[in-house]
Amino acid sequence: MAKIVVLISGNGSNLQAIIDSTETGKIAGDVVAVISNKSSAFGLQRASNHNIATHIVDHTQYDSRESYDAELANTIEQYKPDVVVLAGFMRILTAGFVDQFTGRLINIHPSLLPKYQGLNTHQRAIDAGDTEHGCSVHYVNEQLDGGPVILQAKVPVFEDDTADTLAERVHVQEHMIYPLVVKWLCEKRLRLQSDGVYLDDLLLPEQGYANDD
Ligand SMILES: Nc1nc2c(c(=O)[nH]1)N[C@@H](CN(C=O)c1ccc(C(=O)N[C@@H](CCC(=O)O)C(=O)O)cc1)CN2
Ligand SMILES: NCC(=O)N[C@@H]1O[C@H](COP(=O)([O-])[O-])[C@@H](O)[C@H]1O
């Protein structure tokens with residue numbers, strides 16, 4: 001079975017979706033550890049509820065991003081993971097860290113990349129008057145939210161939406177596409193190559209929507 005380490009900073013609903021998918025057998029893997037930079041992350045409780053090892057690596061205790069990332073990497077590597085999942089992990093990672101996990105490090109971002117890299121994506125979509133929004137699962141590289149996209153899902157934006165109502169609609173899609181991508185990675189069906197991302201022998205489109213009409 002593939003070994004999965006998940007990094008969080010908050011609620012952990014995506015973590016929960018991945019844990020659930022491993023326990024139903026949808027994902028041929030086990031979440032072997034959950035690591036948070038914040039001790040207050042509810043996702044740590046979610047992990048404990050499933051007897052999954054937890055670690056808090058608090059970024060405020062380190063003098064530099066490099067020293068923090070080195071400790072984070074050491075904590076991860078003790079589990080020898082096949083897949084490292086960022087699930088609401090809110091720290092920008094250094095090039096050295098990313099290089100160590102290239103090809104097995106993924107993130108879920110709450111926008112249709114390359115739109116709205118960074119933070120506050122739902123409010124930005126509302127403020128822009130967008131009629132559609134969504135989420136993207138991508139490989140993580142040095143460029144913030146700039147790594148190769150693997151899979152996306154769209155949601156409509158309604159006129160009376162708030163950032164919270166839109167986030168809730170996006171979460172539903174996140175909880176479907178993230179476990180699917182983790183499943184593919186655990187089955188070793190995904191390959192990051194110089195010309196793009198392959199699922200088996202299929203070159204995935206740079207913007208491919210799981211739920212397009
Ligand atoms: N090198 C990379 N690191 C990270 C990536 C990435 O693609 N490349 N993805 C992010 C996840 N993310 C959006 O999906 C994201 C996380 C955090 C931030 C950010 O501005 N963080 C601030 C602190 C914010 C806070 O503590 O609330 C910071 O690190 O100074 C932007 C985007 C994970 N890392
Ligand atoms: N830039 C990173 C970012 O904003 N990620 C977003 O944080 C949320 C975490 O929710 P969760 O803790 O319930 O999984 C998710 O919506 C994810 O897309």
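The backbone N, Cα and C atoms fix where each Cβ goes, and this holds for glycine too.
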Checking TrEMBL, the member of Asn49, Asn51, Asn107 that binds (6R)-10-formyltetrahydrofolate with Arg65, Met90, Arg91, Ile92, Leu93 is Asn107
Rounded Cα distance, in Å, between Leu93 ((6R)-10-formyltetrahydrofolate binding site) and Asp145 (site 'Raises pKa of active site His') is 11
Fewest Cβ neighbours within 10 Å, where candidates are the binding-site residues Ser13, Asn14, Asn107 = Ser13
Result for ligand 2 contact check over binding-site residues Gly12, Ser13, Asn14, Arg91, Ile92 with Cβ cutoff under 6 A is Gly12, Ser13, Asn14
Counting only residues 6+ apart in the same chain, whose Cβ is under 8 Å from the Cβ of His109 (active site, proton donor)?
-> Gln117, Thr121, Cys135, Ser136, Val137, His138, Asp145
Tell me, how many other CB atoms lie within 10 A of the CB of Met90 ((6R)-10-formyltetrahydrofolate binding site), whichever protein chain they belong to?
-> 15
Contacting binding-site residues, sequence order - Gly12, Asn14, Leu93 vs ligand 1, Cβ under 6 Å | Leu93
